[in-house]
Amino acid sequence: MEWYPLIFEPIYKEKIWGGSKLNELKSIDPAISNLGESWEISDVDDTISIVKNGVLAGTSIKELLELHGSELLGKPVFERFGSRFPLLIKYIDTAQDLSIQLHPDDQLAQNKHDSFGKTEMWYIMDASPEAQLTLGFKEASDEFAFAKAITSNQLLNLLNRHQVTPGESFVIKPGFVHAIGAGITLAEIQQSSDITYRVHDYGREDAHGNQRDLHVQEAIAAADYSKASDYQLHYNEDQYDRQQLVKTIYFKTDILRFKEACPIELSTGFSFTILMNVGASCELVHAGKTYVFESVQTYLIPAAVENISVTPHGEGKLLVVSV
């Protein structure tokens, strides 16, 4: 197999809290309303990504993993995960606050849902001046205080609110109570899981007058009650080079800022590389061929690919993700 940079058909998700920014950024029909998420690479349940470009166009990521798992993922990743893609890659846009929620860890998710747990990270691409994130407990808490705050509609009083600006980045660990606020566009990298325990949804109703399910007992059992800390990721936003944002046991994410053509260091043979374009449009170059790389697009570089470079059309900014 002669591997090349793969781009997948985005899978769009309408959400009760979704906005219109993704329609604009991705030139999507504005008739698709409340567009909250664009799943860029997914092997979750029945939401399976399909290759969009090249000779593999029309092939699902599941088929690629079953036929060429080691070449696509890298031998160590394939030995660890088999023919399951370990990450879920999204862009998210919000017109309303998301529910207050948390995610289970691997052990709980495996026991209750036969799923991976969820560690995730966010990179803020755009935010309105008043946009905020909800990020963990202001002070250490416990099951009783958490349950009482939920039932008395006082939960927000226990939680941190963080005013965001573009360029900020955060890691969200299992059990960490959190929510994305209104007016935010972000890139999300997470374990391949869609398990969420929702504890507060502002009493809002869908178009049919129904409120969304809450998962209070599950959340109480899964929550991390420690005082929130170490959730913001720091780097030099004025520096033009590749800097590490986060390294977990599930994924490593760097940010690459560039003003001129440069090679991208890959983990050839060991791990695939995901490139998320959170800056201006640019071009990827591989084996003498050029690939257009628009803003808010995502490429998967198979582990078998040995070299690739990028040429900017403005201020280049990529998230570089591997396992």
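Cβ atoms here come from the backbone N, Cα and C positions, even for glycine.
Predicted automatically and left uncurated, TrEMBL annotations should be read as such.
Of the residues H103, H200, TrEMBL puts just one in the Zn(2+) site with E120, H178: H103. Around H103 (Zn(2+) binding site), taking its Cβ as the centre, 26 other Cβ atoms fall within 10 Å, counting all chains. Most other Cβ atoms within 10 A: among the recorded positions H178, R198, that distinction falls to H178. Taking the Cα atom of each, R198 (active site) and E120 (Zn(2+) binding site) are about 16 angstrom apart.
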